[in-house]
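As annotated by TrEMBL, compositional bias 'Basic and acidic residues' applies to 181-208, 215-226, 442-451. Annotated compositional bias 'Polar residues' per TrEMBL: 391-401, in sequence order. Here TrEMBL flags 255-376 as domain 'Dynein axonemal assembly factor 11-like CS'. Residues or ranges marked as region 'Disordered' in TrEMBL: 181-241, 391-413, 432-451.
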Amino acid sequence: FLSVTEDLVRRRAEHNDCEIFSLEEISLHQQEIEKLEYLDKWCRDLKILYLQNNLIPKIENVGKLKKLEYLNVALNNIERIENLEGCEELKKLDLTANFIGELSSIETLKYNIHLNELFLVGNPCTEFEGYRQYVVATLHQLKCLDSKEIERSERIQALQNYPEVKQKIREQEQAYLLKRAREKEEAQRRLQERKDKKEKEMKSKLEFDSPDSLQNKENHQAEGAREQGAWRTAEDDEEDRRFWEEPTPYTPETRLETHRYIEEKRRAKDNMRESKKREKPPPTLVTAEGKVLNLNVPKLNFSLKDDEENNQIILDLAVYRHLDTSLLDVDVQPTYIRVLVKGKPFQLVLPEEVKPDSSSAKRSQTTGHLVVSMPKAKEIILAKQKVSTSVKHSDCNTPQKNAKRSTDVEKLEVDPSKYSFPDVTKIIQEKERIGQGPIRLQPEKITETKK
C-alpha cells in the first residue's frame, strides 16, 4: 500500500520553502494514499489538511494536530468517525462520499467543541430514517450540516424526539453492518478467485517456458510472433470488457480492487514499453561493408564549414547550453567525426580527409555549442612560397588571368642586365609587330634584315 512519505510532503510544501515542521497547510489529494501516518509527527502546526480522493480506510495519526481547523477526507474509504478527539481547534470536517454506515460513531465528535460544519453527504448513513435529526441532536455545537444551516427550532424538535430516533438509527445501523459483513465475504471470495486464476496462468506460462518446450517455443515465436501478439491484445481487451461490465456493489473493497486492477494494467504496459526499449537494437554506425553512415540520433542542429584560409573543416554542433561537458564524447577520424551526446551518437562523414591528432574541440562561451576544428590532411602551398606550384594548382577560371600570370613569370625569369648576349626579346616583339602588319610589307622587311 501507499502511505504518506516525507518526500511527498516536502514536494507539496513548495510554498513553505519545502520546510515541513512549520507547515500550516498542505494538499495531498489524488495521491493514491492507502494509509494515513507520520503527519502528526512531522507537521505539528498544520491548520488545513486536504486528503480528498485517496484510498484511506481509516482516520488515524491526526489526533496530535491540536491546531488543525479544517480536515477534508472526502472520496475515501472511511467507514467510521474516530481518532479526532485531540484536534481541539477543528472547525470544519468534510467526509463527503465515504462509506460511513456506523452513524453512532459521530458521538466521538462531541469533544470537538469548535466544530461548526460537518459534511456527510454521499455516505450510506445519510439514507437512514431520522439521520439529520440524530446528528443535530447529538452534536450541539454544529451550526451547519451538509451545507444546510441548522435552525434553533430544528434542534429543539430533534432533541424532543431523540430517544426514538436513536433507537431507529441503531436498528438500521445493525442491518447495514450485517450487509457490510456479507459484502466483505463476497469481496474476499472474488479476490481469491482472481488470485487462483493468476497462479494458474503463471503455472501454464512456466510449463511453456520449460526446457522441453524451449525448441517448440522458439519455432512458435519465429513463425507466429505477430499472431500471438494480436491474440494477446484481444485476450486483454476481453478481460477488460469482463471486468468493467461485471456488476459489483459500490464498496471500499471494489473501489480498492478497481484501483489495483488499473495499477496492474499500467505496470504491465510500462513493462512492455521497457522491454521494447531494451529490444530495440543500437543504431548502425558502420555497415558490414565498412561504409560509415551519417547519423543524428540526438536530433541536434549542426553546420559544417570549409575554412579555406586556415585549411581546416569546422563542425558547429548545437548541443544544449546547460549540458555538462562530461556528457560529450568526441571522436575524430580521418574520414568522419563521431560525437556521443548523453550516449546518443551523432556521426558525420567529412568531405575531405583531416588530421585527427591536430583537431581540437571547444565549447562556445556564448551559445554553449560544441565547435570542432579539424585541419585538412592535404597541404595547400600558397603562391608566395613557391611560384610554380601556385601556377600549377591555380583555381582561376578565366584564361586572361592565366595569361597574365605566365607573362609575369617570363619577366621575372629574364633579366637583361644580368646577361651579355644580345637581347632577343626585342627581336621577338618586332617579329610580332611585322606579323601584325599588311602582307605586302613582309618581304621588304625580310630582305633588309638579310642584308
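Cβ atoms here come from the backbone N, Cα and C positions, even for glycine.
Secondary structure of the compositional bias 'Basic and acidic residues' (181-208) per DSSP (helix as H, G, I; strand as E, B; remaining residues coil): 28 helix, 0 strand, 0 coil.
Mapped onto DSSP classes, the domain 'Dynein axonemal assembly factor 11-like CS' (255-376) shows 28 helix, 45 strand, 49 coil.
The domain 'Dynein axonemal assembly factor 11-like CS' (255-376) scores a mean pLDDT of 87 in the predicted structure.
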